[in-house]
Amino acid sequence: MASSAREHLLFVRRRNPQMRYTLSPENLQSLAAQSSMPENMTLQRANSDTDLVTSESRSSLTASMYEYTLGQAQNLIIFWDIKEEVDPSDWIGLYHIDENSPANFWDSKNRGVTGTQKGQIVWRIEPGPYFMEPEIKICFKYYHGISGALRATTPCITVKNPAVMMGAEGMEGGASGNLHSRKLVSFTLSDLRAVGLKKGMFFNPDPYLKMSIQPGKKSSFPTCAHHGQERRSTIISNTTNPIWHREKYSFFALLTDVLEIEIKDKFAKSRPIIKRFLGKLTIPVQRLLERQAIGDQMLSYNLGRRLPADHVSGYLQFKVEVTSSVHEDASPEAVGTILGVNSVNGDLGSPSDDEDMPGSHHDSQVCSNGPVSEDSAADGTPKHSFRTSSTLEIDTEELTSTSSRTSPPRGRQDSLNDYLDAIEHNGHSRPGTATCSERSMGASPKLRSSFPTDTRLNAMLHIDSDEEDHEFQQDLGYPSSLEEEGGLIMFSRASRADDGSLTSQTKLEDNPVENEEASTHEAASFEDKPENLPELAESSLPAGPAPEEGEGGPEPQPSADQGSAELCGSQEVDQPTSGADTGTSDASGGSRRAVSETESLDQGSEPSQVSSETEPSDPARTESVSEASTRPEGESDLECADSSCNESVTTQLSSVDTRCSSLESARFPETPAFSSQEEEDGACAAEPTSSGPAEGSQESVCTAGSLPVVQVPSGEDEGPGAESATVPDQEELGEVWQRRGSLEGAAAAAESPPQEEGSAGEAQGTCEGATAQEEGATGGSQANGHQPLRSLPSVRQDVSRYQRVDEALPPNWEARIDSHGRIFYVDHVNRTTTWQRPTAPPAPQVLQRSNSIQQMEQLNRRYQSIRRTMTNERPEENTNAIDGAGEEADFHQASADFRRENILPHSTSRSRITLLLQSPPVKFLISPEFFTVLHSNPSAYRMFTNNTCLKHMITKVRRDTHHFERYQHNRDLVGFLNMFANKQLELPRGWEMKHDHQGKAFFVDHNSRTTTFIDPRLPLQSSRPTSALVHRQHLTRQRSHSAGEVGEDSRHAGPPVLPRPSSTFNTVSRPQYQDMVPVAYNDKIVAFLRQPNIFEILQERQPDLTRNHSLREKIQFIRTEGTPGLVRLSSDADLVMLLSLFEEEIMSYVPPHALLHPSYCQSPRGSPVSSPQNSPGTQRANARAPAPYKRDFEAKLRNFYRKLETKGYGQGPGKLKLIIRRDHLLEDAFNQIMGYSRKDLQRNKLYVTFVGEEGLDYSGPSREFFFLVSRELFNPYYGLFEYSANDTYTVQISPMSAFVDNHHEWFRFSGRILGLALIHQYLLDAFFTRPFYKALLRILCDLSDLEYLDEEFHQSLQWMKDNDIHDILDLTFTVNEEVFGQITERELKPGGANIPVTEKNKKEYIERMVKWRIERGVVQQTESLVRGFYEVVDARLVSVFDARELELVIAGTAEIDLSDWRNNTEYRGGYHDNHIVIRWFWAAVERFNNEQRLRLLQFVTGTSSIPYEGFASLRGSNGPRRFCVEKWGKITALPRAHTCFNRLDLPPYPSFSMLYEKLLTAVEETSTFGLE
């Protein structure tokens, strides 16, 4: 009875239009407060605020006019000025003036990641269902996305529609109302299943359905007693693809009523707090009944959102059976009385939001009637939702009626009387009627709800049972937004013969064009042909994935994924049964084949699971997009087909769609994958009625030239939307695809500089149907009962899901494109990313290993990415996982520049590029003596100084040799290099000179089978000492160029060719070389430049210096800033050339105060050692870190740790105990670390224990913990971070992180992890950009930092800084950015639109532009991270470091120097350096590639990073402890490690082969701790 009483109260509440609705758990107030406040109340003011007259302190939303006539030329402009906190998920909605429910918006726009607290947008209002009266009053409301709080409302705006004839609408509505108002029908829903529901951070949801009957939207439809019937399904545990087996739910309703279905998560865990709303549908009953004459059918709808800020993904499928209709004259009121209280009380057997129901309850799904649960929802707008922007909406009614088939009558049909009798009998007690027995055995009682009984507890847990009410409340007015409805998708069993008609019949009837968002939403449904589904699904999915827990068997998942994936404009993978060329679109136009329910859905492979993994949660885009994605293609409504070709599609199972064309191209090729949803919306709006083209295009086959579609496996396999949009002429389609192809080609060409592994180069011909893996993965992982924290911080995945279609990726892999347009690959099983395309699927047993282990053992090269970890000594022939995958990337990259490349095998391409980079021109350009030689050639020097393009090219090549591939045929570069050629010498071996038909000489390199106009007889050797520019080579941190110092090495797949790799130093003995540290030389340069008369000295050899003000400023900058300044300017060609003139003076110069310092011991002239450091304590591996800070840094670091100890940081006596499950690493770390107070984090000792492992934490487990956490937490997979623009191993905060659930807490957690690692002296295997470290230190960024975020933008501003812009650039202090889906102008300073940029104020302009660009979209996230960091560490202590130093403290280095390693290794148990086993050991280590060496290091020490000082300073459990190899064990045993003591126990193996095999096995396969 308690339940019924509560239901009654809620029933009453939802009919009160003045009720205040809770929009999200975060906004929960006490229940009492909820019953008092009107939603449209203006901002409440504090009683103490006496300034009630002025509005300066209040948020405002205003319009440019308050009378608007539809069709007028003048735009309606909405202005906002929000004083409170704003968020990327904020939205503005258009409402009827009397509307109080936030969910009943007629149109809405989301803000997106850019934008500020003030701004304006143009709002287009178009005639539609909501404006069918001569005059109607509306208003706009601004809502905060996270809390749902109303920020501001506009005054009343009157919209006039001169085209409407008075009374026509009213008469029509009234007539129809009278006609049907007395006709009650009974219908049953069965075979319900959902696909691709949104996942939480750590858990799969435990979904259940809430279904109810509500009156239609029009005011002429009365509210009757039967309204409020409610059903709740059983709870399906731990799945994103629930199937309610054999459960039936019957209702009776008027034809004018609507059926509302809401999916919620019965979330009973304590943390983290999440939203339980998973999606909703609002479907007119008439639409369902219209299927009766068509035959058996499966309906599929994309789930919609309640509010624009909701993140929803997936779709719902079910069958409808009309069981009876009541006498036409039966009065609904009379029926209501028969139902009596029953209609108010919910089905007792169904889960209740507030009560735990005993598992034994039988849900009489079929029989009982109950009020609809509150939440169900207003949002589900009926078809006619009004959208102001122009997007194509198709009337589902038409579509469904034509395309769907009704199911044959069921064996048991209940008459209305039976139904009512059953209700009467079961009413309060238990819903089990006869039909109950039909209930699926699959839903076991234990899966039933176990909701907390106390509503206050719910509020505390932020699990708002009212949230549901609210949704429901949204008022039975259901905005008819298509988004919500999602088009209806029919799975027809019938043959495809009549499909064509479906499309033709779809009409754009009364669905007005909706806002771009909506359109994106809608656009998403494509059906796939049943024919290809089975093949694709089978081939791509792992064999027989286990059904999800709670589901009896394979879900009938439409293979629509395939089709929908295309949504985005990708071509459909249709394989016409007729055998017609797939390249041509079906004659029928865009008609899509309905996937046959039995064939495609019940394949057994459970594509749905697959998709669920992919889970397209649109969330990633701004809401509008999210809507689109929410209706994953499954909805076949044209709407979706239409514009939305957007990412909504991305949710597709790419596996199915192996041939998809490129999604990207469908969307704007130039748009970054992570664009705000508005962008996408815009795309949708752009082609309101072009759904056809999208579909048609889908059918066409991807041609080699076109960019393959990046298909995102959306979690929902798109249900095959039966209807397809009308298809434009094939000619038009042809043009579209030609245009796309050319755009893609252009894009590929533009990216010709070698791309990172996955970039546009791939576009050339590969369409990876990646999500197939996802499917497989899901099947596997879900089968185990617990889905690994797949999307810990859950981000709207569609945002980034773009897949190139090539051959299908292995199961559970997906290709995405980042915000810089680069392709990377996502492993959904291990939650990792990599730049290399995965090859063969992993062995089955690998999938059963824990995520963190796999993460270390599989292709995840995130931070140990090729560029960071590969040493120059690494043999090219190594093609293991690390660069085996890279081969393809290389191939793709090369294809951008070499069109012929695609005919070469990968290995050929790779070796050719390698040979090219070892060619004489490259060796000459990167030679340390290059500038010296340049000075000796006056004509070449003159050309170099006068040609800025040439200087730029040479600088780029010296920074990253892979750029040579791009510039090698440049006329200026060729002519320049040929000036140095010695034509008297013979050609190098393997070279030949020939002449073309014009008599021009060219050279053939038979080694690489290439030709060039560059004469290879270049001066590669110099008699001058090699120390000329040692500093330049060492300024670059080989391990983790924190800010991408190596320039764009990210654009190529092979190891970077650093400016001066260690191999270029032909030292007499390795130990000597090891002493050569750049520190001394850099210090010498600074000291030399700090001489009082330095400018006079410099002018003696460089007279032009007096006129070169830029160079003088750089010298002065170094004099002021010291070595940090020198580091920053280390790649400046002019400065380097100037310093090269004074090489001897610099080397011989010793400051007076340093004469006695051991660091300045002179080395013999001619020795490659420029300045050996004789202090043994400071020996360090060559170029391990930026030299400039060596001695200073050591002093700072010692002092820093001393102060930490003095202040009691990490000293105890308490312990910070972390008990971690390896397969729930982030979840456990987040919950435990965020549960400690600031004081505990600072004071207590850290003690980490891995569950099920006996090891004691004498630092080994703690080190591995930080290693593993850093690899997961800072992984772009979760959407919090993204790879920087310059490389593929440093990361930065992603603007799209704003769409990750609970993202502020995640960034705070990230900051705490950084702080804990710092005070406990552990290293993180994570490398960030320089601006990130500056943000941690709260240091302002400058122009040089911008290069790490946007290289081209940096170059533009740099050019502007270096050149006179007088009368050249017409700029003002403004910048354009996208807000609420529109490009708006933002002022960089007050009145900036009227302030021109001049030579005088350009410095300020550059500073403001840099600040805007660096902070864009990440200000709040950065603040949260910094806050978490300083909750652990005192800001004053950390402030002693600069950005580069802080990076060294946090991340150490990872470029392994074997000589340093060997020289700092100890031996025990009879081993010594010359022992045969030890020699074999080091030979094996040398044979390892750098990644394997790092694994060995991680195996023995617990981390792949090493301290900045090198191996001499490795730490153990009680201080520094060197790497040690001890003779131990039988030769049959594997080596074992003691991570707390950095010791490797190595048995005395009898042969090198055995040692190598055993060592490799131990390193690659071992990952747990044991206790001796």
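Heads up, the Cβ atoms here are built off N, Cα and C, so glycines get one too.
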Range annotated as coiled coil in Swiss-Prot, from 35-62, 707-734, 847-874, 875-902: 847-874
Annotated region 'Disordered' segment (source Swiss-Prot; candidates 1161-1187, 1377-1403): 1161-1187
Candidate set Ser759, Ser781, Ser909, Ser1022, residue annotated phosphoserine in Swiss-Prot: Ser909
CB contacts for Cys1540 (active site, glycyl thioester intermediate) [other CB atoms within 10 A, all chains]: 22
Local backbone state of Cys1540 (active site, glycyl thioester intermediate), from DSSP in three classes: coil
